[in-house]
């Protein structure tokens, strides 16, 4: 009977293997992705600011880059704490728990803020398609700023009670020496209580499940709508360029192209927003798969699934960081003004360097 219990409690991923996976994923892969995201998002903020925050779309894209910059900076700091844990195993401060728990919840909130800002960008583009002549009055700069501030307040307010409940305490920990000797030491770490655990469950349920799924549903609807609008616009352009009227094709009267079609600038903006939405959706798949596993598999975070659950969460966190690190590529590919501004900055910097060394 005891043998059966021990086999049932045996983790699917051993402690040794999970340590190797953590060292290969958390430090080199996750850390390097965070560093790239930090640099690219900073460049995005500089370029977008130079281009001017003249309308709601520019403001939202700038806020998205700023939020992603915050997320990648915090994630890089968490990775450094993880590295310090292995470099200084005898440290009297639990650097990994302190870093992960202290910075992790803000980073957690930042990612969901990024999701909702992306969703708001998609909604704004959909309104441009549905109400092309009234969207300027519906989504004003002031209303955009108000909505962004409310999103920040909502998610930062969601994790604030965790920091209020959080306490630091000295804890007695035991470590095994190389010769099998058991050592004990007092370590300053974050103390976990039943109240804090219950609070974390509530925050996860509201933030990671309810609000996140709502954001994803709105984003999916807007993405489908925008793709449909692009296809309709392409059909209209093909018909007009061929000299054939839609009346000849279907016998039904239609409106003029300027009422049903999209300008080239609007099509480029739609493609950019669709790319941002699709990247976010793809990077959210591991997170939603993990949430589904928690609901379908009893005791997913304990027993033989404990290490597997931790690794899957690390994997979903990596994809969320990846999402926050690749927007620069989208802007570069689909925004000619963004490319031109970046090239001008690079040429100016190169010219200044040549002047300094001449």
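Even glycines carry a Cβ here, placed using N, Cα and C.
Note that the structure is predicted; figures quoted are calculated from it, not measured.
For 27-49 (among others), the entry in TrEMBL reads transmembrane segment.
Sequence annotations record features per position, and here TrEMBL assigns domain 'G-protein coupled receptors family 1 profile' to 40-331.
What TrEMBL records for 61-88 (among others) is transmembrane segment. Residues 22-23, 26-27, 30-31, 33-35, 37-38, 41-42, 44-45, 48-49, 53, 94-96, 98-100, 103-104, 106-107, 110-111, 113-114, 117-118, 121, 148, 276, 317, 320-321, 324-325, 327, 331 of the same chain lie 6 or more positions beyond the ends of the transmembrane segment (61-88) yet place their CB under 8 Å from a CB of it.
Marked as transmembrane segment by TrEMBL: 108-133 (among others). Packing against the transmembrane segment (108-133) from elsewhere in the chain are residues 56-57, 60-61, 63-64, 67-68, 70-71, 74, 139, 144, 147-148, 151-152, 155-156, 158-159, 207-208, 211-212, 215-216, 218-219, 222-223, 225-226, 229, 259, 262, 266, 269-270, 273, 276-277, 280, 284, 320, 323-324: each is 6 or more residues past its ends and has a CB under 8 Å from a CB in it.
Annotation source TrEMBL lists transmembrane segment at 145-164 (among others).
Residues or ranges marked as transmembrane segment in TrEMBL: 208-230 (among others). Through the fold, the transmembrane segment (208-230) approaches residues 108, 112, 115-116, 118-119, 122-123, 125-126, 129, 155, 262, 267, 270-271, 273-274, 277-278, 280-281, 284, 287-288, 291 of its own chain, all at least 6 residues removed from its boundaries and within a Cβ separation under 8 Å.
Marked as transmembrane segment by TrEMBL: 269-289 (among others).
The transmembrane segment feature in TrEMBL is assigned to 309-332 (among others).
Same-chain residues lying 6 or more positions outside the transmembrane segment (145-164) and placing a CB less than 8 Å from one of its CB atoms are 59-60, 63, 105-106, 108-110, 112-113, 116-117, 120, 196, 199-200, 203, 206-207, 211.
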